[in-house]
Amino acid sequence: MPSPASNTWINTTLPSSCSSPFKDLASTSSSPTTLLPFKKRSSSNTNTITCSLQTLHYPKQYQPTSTSTTTTPTPIKPTTTTTTTTPHRETKPLSDTKQPFPQKWNFLQKAAATGLDMVETALVSHESKHPLPKTADPKVQIAGNFAPVPEHAADQALPVVGKIPKCIDGVYVRNGANPLYEPVAGHHFFDGDGMVHAVKFTNGAASYACRFTETQRLAQEKSLGRPVFPKAIGELHGHSGIARLLLFYARSLFQLVDGSHGMGVANAGLVYFNNHLLAMSEDDLPYHVRITSNGDLTTVGRYDFNGQLNSTMIAHPKLDPVNGDLHALSYDVVQKPYLKYFRFSADGVKSPDVEIPLKEPTMMHDFAITENFVVVPDQQVVFKLTEMITGGSPVVYDKNKTSRFGILDKNAKDANAMRWIDAPECFCFHLWNAWEEPETDEIVVIGSCMTPADSIFNECDESLKSVLSEIRLNLRTGKSTRRPIISDAEQVNLEAGMVNRNKLGRKTQFAYLALAEPWPKVSGFAKVDLFSGEVQKYMYGEEKFGGEPLFLPNGEEEGDGYILAFVHDEKEWKSELQIVNAQNLKLEASIKLPSRVPYGFHGTFIHSKDLRKQA
């Protein structure tokens, strides 16, 4: 084992079980040795954190991103021992010589930095005396294949079992959370730095690369060699959360950090719009990421649509397949207006903001569009920052609130004509589609209704359920109805997925959704007939788990296409990209990947003809 001062990876044996809603983060069969590319904080303190089975060591300094060829680390097969293996390093180690402070800092800033670091050390010491909730415990949240990986430069001509369909020509990209630095306190899986994984297809061959999205936040933390920005979910709860906000504010006053150019992680969604690939999280503007000719990735920068966007944008904008417009929401947890709607024409021209009146800031992760309307959920998970004063989480399930859906004309200039329809006890983290049925004057919304509603954010005793549901909003009566699409006998947790995006906002028969079992892992995907409730399942295989299935259309027929999904073998500790025929659910090809792909979030596919016009 190299010394803690060297640039090494973390080798840790992970526990095989965990008594939490995230208990399945670790392998259920054996304890694989995992490669975690955390970077150690630049500090004179001992750079270790203690896990249940082994101590994790972190390198002192960050190695800058490079697009040059890297050495691929050798995947480590699972083992039941705690033997430590040192893989090949991805980049040349840096010298141990480091600047204690950035050279541009003056004496006052250096003194302030020293004092505030002492405050943080005391805060961390105080926090360590209290157990973290499992939804904020890094030993739970980023265990197993939820753990981060290092960047990987484009690797060409990957091994393929089977044959890649000729129609798959372009690049599949998927976003995910991948913390660069060791968490110093609480950490939720959603808090990690954004990393995009890309598989590029050319003439039946495939390449793979993964890169951090170089956010303003990440750039500043790299320059300091440590995490300094507060983590929205893992850290900001209770009195310690208030202390961390004050600590960040103090560092900002002395210009040690700067949050004025964005604090987001860009780890959730991806959309290709107006020749720009955008990486998004709802706490910031999008980031423009460019795909290189050899399939690698580079970050161009924070993207404000040529000066038109000056607020955050949620990670699930909706691209209208007919006219090419991009529809989006922006929400604010501090000040009114708490919610805004806007759209961009196909050539990138933004509409004026439409302020949507809400009494309190609400979790607004997703929404839906129809041919003529925007469907906005106003649900029971809300933000109450005052809860931190009494020691609680600011993300709250408000049992006294009635969930509702707002229907707004896509071209509305204000929210005066917006109609609200109550939908009691309904919380959908994601909405898969919506369409209009003029014969009954209804809007049909397809979503997965989740209970407990706040279980992703707050520790709950009740096990999570995610029920695929049809919600009907009657514009004539102002009433709603809701029914499960799948029968009770076949009920399974369905989360993450999509319909044919060429049919978005129009009536669709099929949805392709992740089988989120055993939660929070994904053991396969389901093709669901939204009319009959019939479920066809495709399982990734024994000890294999994946994430969001991406449906790639191939023709005019709705169900004609292929499913692409990253899959990780927890027994062999290797990852692959599976390509499945969406009509018969037969495996067409499996692309063997040169490095591990952690479980992540959402993705998209960009065809080669569109890539050639990339900005």
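Every residue gets a Cβ built from N, Cα and C, even glycine.
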Same Fe cation site per Swiss-Prot - residue from HIS288, HIS316, HIS327 joining HIS365, HIS430, HIS602: HIS316
Other residues, Cβ within 8 Å of HIS316, HIS365, HIS430, HIS602 Cβ centroid (Fe cation site): ALA268, GLY269, ILE314, ALA315, ASP366, PHE429
Cβ neighbours within the same chain of HIS316 (Fe cation binding site) - under 8 Å, at least six residues apart: ALA268, GLY269, HIS365, ASP366, PHE367, HIS430, HIS602
